[in-house]
Amino acid sequence: MSDLPKLTIAAARDALRKGEVTSVELTEACLAAIDGAEALGAFVHRTPELALERARAADERLKAGGAPDLCGIPLGIKDLFCTEGVPSQAASRILEGFRPEYESTVTAQLRDAGAVMLGKLNMDEFAMGSSNETSVYGPVVNPWKVDDRQLTPGGSSGGSAAAVAADLCLGATGTDTGGSIRQPAAFTGIAGLKPTYGRCSRWGIVAFASSLDQAGPMAKDVRDCAILLKAMAGHDPKDSTSADLPVPDFEAALTGDIRGKTIGIPREYRMDGMPEEIEALWAEGRQMLEDAGARIVDISLPHTKYALPTYYVIAPAEASSNLARYDGVRYGHRAKLAQGDGIVDMYEKTRAEGFGAEVKRRVMVGTYVLSAGFYDAYYNRARKVRALIKKDFDDAFAEGVDAILTPATPSAAFGLGEMAEADPVQMYLNDVFTVTVNLAGLPGISVPAGVDRAGLPLGLQLIGRPWEEADLLSTAYALERAAGFVSKPRKWW
Amino acid sequence: MSIDRDTARKVAHLARIRVEEGDLDALASEFNTILGFIEQLQEVDVEGVEPMVSVTPMRLKRREDVVTDGNQQARVLANAPDAREGFFAVPKVVE
């Protein structure tokens with residue numbers, strides 16, 4: 001097996017320019033790695049011909065000189081992104097056979113920068129899940145393995161995380177509504193950034209909860225996240241919530257110099273029953289940032305405990321509206337109808353067959369909290385609590401905090417199937433440290449920072465001020481260098 | 001607030017998702033677990049707090065109200081489960 005897919009994006013970029021490797025060679029090496037990794041279930045639609053065509057074009061462009069950073073870099077794309085002519089089904093049965101006639105803005109920007117799409121990556125159905133077990137394609141298996149168990153790579157961007165960690169591609173796109181980039185990044189020992197709400201266009205990304213969804217990069221290190229984000233970000237007239245702000249050169253901002261910066265440690269993130277190892281890692285992270293010259297302050301984010309219940313009103317409410325479009329009329333699956341069935345039977349049967357259990361559950365919870373008589377008690381109240389959660393962060397930043405350090409997840413990766421008997425709320429607790437960031441619209445990054453006793457990766461999360469991803473990435477870079485996480489999963493697949 | 005099987009049936013219908021009679025009790029019980037979790041929000045003091053409408057203070061962009069796209073009927077219909085004569089086809093809607 002070739003070592004080329006192990007390259008970082010930055011290293012591959014430099015090697016391409018020195019003529020040490022071609023994009024075709026890189027792409028062929030990744031395609032071979034993907035073919036050899038069936039057992040992981042990460043890639044669900046492969047596009048080898050398209051990839052090689054783009055790789056050849058990238059090689060021409062590189063030869064001509066002046067090509068963008070991502071020119072010729074092989075990437076994986078989460079199945080939530082619509083890609084022209086290539087199946088895009090959000091890991092749902094209801095979008096079986098759907099081949100978009102258009103390209104999402106984020107993937108179009110990557111394509112235009114010369115990046116090579118290797119194929120589509122597995123995920124939880126409609127990005128609803130924290131273990132990749134709700135996918136119609138079946139679960140993704142974490143490349144990390146410490147005993148006989150198969151572990152989850154996390155979710156919902158589990159395919160993206162596994163593909164990057166297993167060196168099947170150089171980087172990947174993810175999306176994050178409540179932790180779907182950061183939790184899988186932490187479970188697989190890679191870096192993953194959720195940008196500020198509005199930094200990347202949502203146009204052409206299958207919508208889950210529109211006020212929370214945000215696309216972001218998942219990569220082998222912080223520098224690669226910076227390179228990817230620059231290409232993914234920017235204003236798009238087709239998404240009125242995308243910000244019309246200049247996109248900085250995030251990579252150039254990676255000084256790793258955090259002397260004089262103020263890092264907040266929120267006391268409410270110390271949860272009852274939190275494993276000792278998570279607590280210890282958090283303390284180590286605090287020490288690392290302090291040793292690098294940052295000032296550490298204890299802060300309070302008093303409404304933290306209400307973030308998950310707030311999320312589980314707002315996200316299902318928005319999902320119930322967004323997913324109303326899957327009606328068996330315009331695209332995707334339509335149920336076989338019986339003699340005399342009317343249009344309502346068609347809707348009900350189509351949606352019963354097309355949606356999986358978790359998606360149905362959330363759509364119905366959302367329908368309930370929006371229904372007459374409950375709108376004020378649930379939905380409006382949740383929006384008020386959301387305002388308070390955001391104010392907690394605003395207050396901390398107003399006091400001079402530059403970034404906030406927390407654990408990324410309450411545990412390391414767990415076994416596939418281990419949560420099958422638990423009630424749905426137990427699975428929701430996975431996002432306890434990440435979901436606040438979506439509710440407040442802030443940027444957050446998960447950085448691999450250590451391993452637990454069994455040898456599984458653990459991540460720390462840094463939360464930044466809105467629109468200050470460049471500063472956040474630089475702090476994350478300092479943490480990454482101090483942590484020196486270099487472990488890789490041992491190849492068993 | 002506890003959800004019974006009649007409420008579960010009603011919600012399923014509002015969401016246009018067919019749920020078999022035999023599955024309604026289990027569904028009601030799941031709703032109750034999730035709503036029990038959400039119930040914590042009732043203890044927060046939200047007096048005088050405006051519900052959030054936009055997470056980032058931004059003025060939505062305006063543009064001229066002109067046609068920017070169109071004339072692609074075939075592409076619009078390309079993914080339809082049943083398209084005929086340039087239309088989406090569905091079961092009879094009016095008697």
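From the backbone N, Cα and C atoms, a Cβ is placed for every residue, glycine too.
It should be emphasised that the depicted structure is a prediction, and the values quoted were computed from it without experimental measurement.
Marked as active site, charge relay system by TrEMBL: A:LYS78 (among others). Spatially close to A:LYS78 (active site, charge relay system) yet at least six residues away along the chain are A:LYS120, A:LEU121, A:MET123, A:SER157, A:GLY159, A:SER160, A:ALA172, A:THR173, A:GLY174, A:THR175, judged by Cβ distances under 8 angstroms. According to its DSSP assignment, A:LYS78 (active site, charge relay system) is in a strand.
DSSP gives A:SER156 (active site, charge relay system) a coil state; it is part of no helix or strand. Annotation source TrEMBL lists active site, charge relay system at A:SER156 (among others).
With a 10 A radius on its CB, A:SER180 (active site, acyl-ester intermediate) counts 36 other CB atoms from all the protein chains. In the three-state DSSP scheme, A:SER180 (active site, acyl-ester intermediate) is classed as coil. Under the heading active site, acyl-ester intermediate, TrEMBL lists A:SER180.
Residues annotated as domain 'Amidase' in TrEMBL: A:25-473.
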Cβ neighbour count within 10 Å of A:SER156 (active site, charge relay system): 36
Rounded Cα-Cα span from A:SER180 (active site, acyl-ester intermediate) to A:SER156 (active site, charge relay system), Å: 5
